[in-house]
Amino acid sequence: MQQLISFATDYSRYVLKGGTKFYTWMGSLGVLMLGMLYVFYLQNTEGLIVTGMTSQIHDGLYFANLVFLVGVAAGAVTIVFPAYAYHHEGMHKVAVLGEMLAITAVIMVMMFVFAHMGRPDRLWHMIPPWGIYSFSSMLGWDVMVLNGYLILNFVCGFYYLWCKYTGNPINNKWFLPLVYVAIVWALSIHTVTAFLISTMPSRPMWFHSMMPIRFITTAFAAGPALIILIFLIIRKNTKFWVDDSAIKLLTTIVTWCLGIAIFLTLSEVVVELYARTEHANGLYYLMFGLHGLTRLVPWFWSAVALMVGAFILFLMPSFRNDFKKLVIPCVMAFTGIWIEKGMGLIVPGFIPSPIGEVTEYYPSFVEVLLSLGIWAFGFFILTILLKGAIGILLGEIKYGGQAAAAK
Amino acid sequence: MTPDKSPSADPAQEKPSHSPTQAASADPSAPGPTTSRRGFLKAGGALSMSSLMGTAALMTQSDDAAAATEWAEHFQKNYRLMTDAEKAEARTRLERRYSSEYGKKVTVDTTGPQPGVLMGYALNIRKCIGCRRCVHACVEENNQSRGTRPGEKIEWIQVLRMERGEFAKDKMNQGYPEGLGIQVGGNAYTPAGQVLEGQYRYEPEAVPEKDATYMPIACMQCEKPPCVKVCPVRTTYREADGPVVIDYNWCIGCRMCMGACPYWARRINLTTPVLPKEEMNPVTHYLGNRPRMRGVVEKCHWCLQRSRQGRYPACVEVCPVGARKFGNLLDPESEVSKILERKNVFRLKAELNTFPKFFYFYD
């Protein structure tokens, strides 16, 4: 018990100490979070009318971010898997950082769920014994696998850190099985998210079995792309050194998952547009506009340009091996997939509506600010989690030892 | 229920009527909106839940009976899991709050499905003239939101207007490639059957319009409803007598059902519905037309407040050309059964295996 208290105090003391850069970063995130709180209050007193959503297009920016972030959470497995299944040395050193990212992403997903619901005050209706758990609903399953993933990563990540902190050996008897369960579970979360939207015959654009695999490939491109960026930032700003081998392996994973994602997208475009039935209207709206409405067309093509561009850059050794230039394709891939899988996938699913109604959706200021705030909150938590984890990995926080100040 | 034999347009019949099992709680002498919180608590104090709500109400520092009621509503069970006593309690609570809110005597019916009844609906698409009276009658009957801000206006029925002349002689060459000179097939460029948002909200000067045909749609009350399957809290479900309903007090507003519905039959209350006091219809049903709250989904329920009392839904009653028919599918003598037996009948989007109980026919 005393160890636990000292773990908590040491951890928070270490996290709280930081330079001007750290406080500026956290402060600006804090400002965005305050904005988020305000608009969240506004949305919950006025109703969803403050968003751009309508009865026609009732899933918007929130849902788009939600779907994307489940992918980021699942993407963390690209670190854990090579670390534990292939005993990759460089990855093993940083596996716990991947778990921290997964925790953060799932928390952000939960926040987007709260933002998305019309009545977030009634979410307890989903939780037995007070509420009803529905086994037939994909949303019910999604909630279950997401919470399971959160718990798994929390337990695995913090148990590892705890052992490092106290100096106890890791009990592999239950730790390793749990890690393997978490690896498979990562696939499940994104698969269920894909099922969430691909099991609706009323929305022809989503109604195909390619959705889960497309989700997994884009997740394993966007997630690691973000992780590479984070690793590069960690290398630059802390004493912690992420091995080149880890970043190189991640680059390989991003490259080929991105390649497969582009291939799958192209296959879909061909299948849909060759015959150009009315079921292709959603995709057609996304690519070229429909009935004179073209709001999403620039988004789609920018996503295509970003993804294809990133793929080409990743293939070039001068970019792949130069960690300064590597930032560019990583940012491109991350943004491209965010567009493609977020707004580019969710919104055209509703256009045209099942009765053939063509209408458009514009995120309102409230939606944008709330989404930004949740992202800020995510980075806020991520910074805290990563900083503490790095402190423990570096040995700067240790049970019984003097807590050293972070750089 | 035999709406076919006893249809009535007589407004005198619009008096609150309750099933015998529920009659006890419909006592008009029940404490009105002026009751103090103490009185209210006493009335509902038999159940431990009520005292919990009372505590919650005390915590809000409010003397208002409505506030206490709202607290109780927050923590009530899913309607289907309520015991008869709890249903009666919920009903009295609602009646009291609505009556004080709308300044008139509001009744909340809780009549359940009657044995031997399966409701069915048939629509003669040949007869529909596109007057949209059904839409307006539905809005009035079912207390839909009628605000002016976008998203505040809710209509459950759409009368889709289709251009006559879609298949005219001069359009028969459509799809032949221009310029190429070689036919490659599959070049039809115009997408079929599309309208811009709100184009079905037309108000023609005279009906029927010469160049139009009409296709009214609303909830199809499917036998295999996709919306029920996707609901994470089981708030929407099919009643034993057919209609798919929503427990508005249990809906979390996740809008999965809206995404799953192939008929676009559901609407989300983006904000608190705009329902003027004087226009509010005081004859309501718990699963039907009682006033909804912000952030929940709503839909057509074939006017449960009417149909369970042996009356026609408002849209059937108002249709000036008699295109809409309603009745008991289990009764071979009902109008709908006879239509299914004799007319040319089809269901919309039959390929999706939803098995609507809403049938289109022509003769």
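Placed from the backbone N, Cα and C atoms, the Cβ positions cover glycine too.
Quick look at what TrEMBL lists:
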TRANSMEM  A:22-41  transmembrane segment
TRANSMEM  A:61-84  transmembrane segment
TRANSMEM  A:96-118  transmembrane segment
TRANSMEM  A:138-162  transmembrane segment
TRANSMEM  A:174-200  transmembrane segment
TRANSMEM  A:212-234  transmembrane segment
TRANSMEM  A:246-266  transmembrane segment
TRANSMEM  A:296-315  transmembrane segment
TRANSMEM  A:327-352  transmembrane segment
TRANSMEM  A:372-394  transmembrane segment
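With pairs at least 6 apart in sequence, the transmembrane segment (A:212-234) and the transmembrane segment (A:327-352) have 3 or more Cβ pairs within the 8 Å limit; the two touch. Contact check: the transmembrane segment (A:61-84) against the transmembrane segment (A:296-315) gives fewer than three Cβ pairs closer than 8 Å, residues 6 or more apart, which falls short of the contact criterion.
Here the transmembrane segment (A:372-394) sits against the transmembrane segment (A:22-41); at least 3 CB pairs are under 8 Å, leaving out pairs fewer than 6 apart in sequence. Cβ atoms under 8 Å from those of the transmembrane segment (A:296-315) belong to residues 251, 254-255, 258-259, 261-262, 265, 285-289, 328-330, 332-333, 335-337, 339-340, 343-344, 347-348 of the same chain, restricted to positions at least 6 beyond its ends.
Residues 40, 43, 47-48, 59, 62-63, 65-66, 69-70, 72-74, 76-80, 143, 146, 149-150, 153-154, 156-157, 160-161, 182, 186, 223, 226-227, 230-231, 234, 370-371, 374-375, 377-378, 381-382, 385-386, 389-390, 393 of the same chain sit 6 or more residues outside the transmembrane segment (A:96-118) yet have a Cβ under 8 Å from a Cβ within it. Below 8 angstroms of C-beta separation, residues 7, 70, 73, 76, 95-96, 99-100, 102-103, 106-107, 109-110, 113, 126, 168, 170, 175, 178-179, 181-182, 185-186, 188-189, 192-193, 195-196, 199, 388-389, 392 of the same chain, each at least six residues beyond the ends of the transmembrane segment (A:138-162), sit close to that stretch.
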